[in-house]
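Heads up: the structure comes next, in structure tokens.
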Protein chains: 2
Amino acid sequence: MTMELMDLIIEGEKEALQQTMEELQPYDMYLIYHKLPDKHQTKLLAMLELEQIAKLLMEMEPDQQMKVLIKLGAGKAGAVLDLMDNDDIAALLTSLPPDKVKGFLSLMKQEESLIVKKMMDYPPDTAGRLMTNRFVWIPEHYTVRETVDKLKYFAEITETFNYMYVVDSGRKLKGVISYRDLILHDEDEKIAHIMFTRVISVSVTTDQEMVARLIERYDFLSMPVVDEEDKLVGIVTVDDVIDVVIREASEDIAKLSASGKDITFETKATVAAYRRLPWLILLLFIGLVSGTIISSFEETIERVVALTFFMPMIAGMTGNTGTQSLAVVVRGLTTRTIDRKTVVRLVLREFRVALMIGVICGLLISLIAFFWKGSMVLGFVVGSSLFLTLIFGTLAGTVIPLILYRFNIDPAVASGPLITTLNDILSLFIYFGIATMFLTQLM
Amino acid sequence: MTMELMDLIIEGEKEALQQTMEELQPYDMYLIYHKLPDKHQTKLLAMLELEQIAKLLMEMEPDQQMKVLIKLGAGKAGAVLDLMDNDDIAALLTSLPPDKVKGFLSLMKQEESLIVKKMMDYPPDTAGRLMTNRFVWIPEHYTVRETVDKLKYFAEITETFNYMYVVDSGRKLKGVISYRDLILHDEDEKIAHIMFTRVISVSVTTDQEMVARLIERYDFLSMPVVDEEDKLVGIVTVDDVIDVVIREASEDIAKLSASGKDITFETKATVAAYRRLPWLILLLFIGLVSGTIISSFEETIERVVALTFFMPMIAGMTGNTGTQSLAVVVRGLTTRTIDRKTVVRLVLREFRVALMIGVICGLLISLIAFFWKGSMVLGFVVGSSLFLTLIFGTLAGTVIPLILYRFNIDPAVASGPLITTLNDILSLFIYFGIATMFLTQLM
């Protein structure tokens, strides 16, 4: 396959190449392009139709898109940009420094660049940034026949996803019909009679996560977007929503592991280190707090060195149970809305979980400590400490993200390592505190 | 809204209630049902049409579905099951103990139960379990008119998602057409002439994650599923794929935090504790290994107690950097396929990241240790230990999940706490090892 293509590229068989590319899915076209050596990439770009280049670009990440646009040169780049979906252009421009954005917009047709400029005014991660304006709207006074005619007329340049949205003379959203409705009804039927009127829409400023949640719940294929005056200005399609869902999940994981945003396989080492370092340095200082706690119990430790053997286990377990609870809470919060009742029930549930885990692990470690070191008091100190730290650790992993959520701070930021490190400190206090109380019996 | 509905329920206004429900999206119907007190739920179920109950059920989790089916009684439950999508029934039956499955299948029409039984034979988490068989297939010798007639005939009982799949006389998959194609072409046009023939399909045994990845890459709205003989047996739709993507992301997070599968806000405390305990007990024993390492350095610690102050920080930091790398790798693996070249580049990248992080954090802690405790040797021991443990920790967080992936073990199982705990052990060895070498200078 790629061999044939290589021949076509090398021999400059422009038409045959365009034909072959036309039959490929855009993603497969991208895979082929990606694997080509640099000089063949340039040659391929010179041979493709503008529309094919636009499709190819829309499969790429911003940095790859930039390389292609530079290869194309200003004139051709502008023509290709005009053919790209405006949400893809907005995504590309968002990643550029502000002074370069202007240059790019000036390459495009004024009509197209105005639309993109307007999209860029909406806050990041909103429906306004995600929507496409290449869709067909249907006036409510149309008949089925007129609708089909309009669809035929715009077939080449619009995305349609099963549904078409119906508007009144002021372009206000009034209803929705599907291709299926058009096929099932008589040609002379009025759209106003057959459309579904309880249409659910979002505003240009609706958060993209909310859009994703609505599309997921209602099993929609697209969602109409209206502006401040309730006018239909775009549609968000389900394929963009899948990308949002994947990106949001990756962000949750990145935050939970405190690895900072946007580190992929392609990120440069210096950039990745720069993004990870602030968290690590913060955690280093928090770790030193643990050190000062230990240091304040220096006397206890000097007298019973055996206490240090159980220290990593207790600190580790407190962190582990906290992380477990945190994961349940963070993931729960992204997939459902919660009310006071849910919160109370959740915290009580986690408390009961903590009690059970605490009793079982506490008893287990008491026995181990007793048989290993032969001291019942040590068994009691270690067991009761683990029991208490597991309860506090579990509750910290539950309550902290809920509080952050309440104050509109992303709970995933209460990241795993942060809660782990906080639980470290807590557990050392409890462990050495109890040990100090029983110091004379331990010695 | 709900008040009006309450009146309709209490006053037994069956027709008005059915009418109101008909205008609601299934998810909204579910929200209303969910909020009703138990006795009103029962009354509402008695008043709804069978098809409405089926729609309501398809929005619920298995345990809620069971409650409703029990309320309905055997006869009505069977009739409702016949109306549900077979992938939803299969999902419900999967969650039941095997002896109950038979009873359920016997309630259904034989024709429907046979289809569900066949689906249940496919391995879990495959396309065969996820697909629906309520779709329209088009024989390739049809014209556009015949196709539209068939669509009209089956309109009520099938799901169609923009695309229809075209088969030959042996029901082998030959092509795909969209509603849009039907509208754009002449009524007498042959389907075989206008269909797209390079149709991408999956097998009944294809993993659902792979199906999701294909639909996401190609921006499809549905994907045809073929059996061992290449016959078209079902379609997977994009709405089910979104659910898969969300579920897989939640599972990744659950595994990364070692919290066990399937803990949601609704899980009972005993069940949640039961699912979390195996991991915690495993981690408890691994934590004790750290204890034995410390115990083998007892002499070193007894002589220089100050060493314990930096112990939690070093162990914590090693765990943190490992978790960061792990998150990058696990998330990267779910969103792209990787080859040897990518692996080598990734490991080298992480090594460079580790060097940078190691030098900066190592120098920082050297200075802190020196100024805090006034010992240059201590500063050197702590700093060089942190430098080394950060490098090993980062590489462990990168290489371990890659090795697991190579052997087809889910890399997310190399969970955060597990790598954290392993890194604990590693870091203690390095730290106390270096400290012991410089013991005379430290004292």
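One-based numbering along the chain as shown.
Each residue, glycine too, has its Cβ placed from N, Cα and C.
Going by TrEMBL, these are the annotated features:
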DOMAIN    B:131-193  domain 'CBS'
DOMAIN    B:195-251  domain 'CBS'
TRANSMEM  B:277-297  transmembrane segment
TRANSMEM  B:309-330  transmembrane segment
TRANSMEM  B:351-372  transmembrane segment
TRANSMEM  B:378-404  transmembrane segment
TRANSMEM  B:425-442  transmembrane segment
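Same-chain residues lying 6 or more positions outside the transmembrane segment (B:277-297) and placing a CB less than 8 Å from one of its CB atoms are 258-260, 311, 315, 415, 417-418, 421-422, 424-425, 428-429, 432, 435-436. The average pLDDT for the domain 'CBS' (B:131-193) in the predicted structure is 86.
For the domain 'CBS' (B:131-193), the DSSP-based tally of helix, strand and coil residues reads 20 helix, 19 strand, 24 coil. Across the range of the domain 'CBS' (B:195-251), the DSSP-based residue counts are 25 helix, 16 strand, 16 coil.
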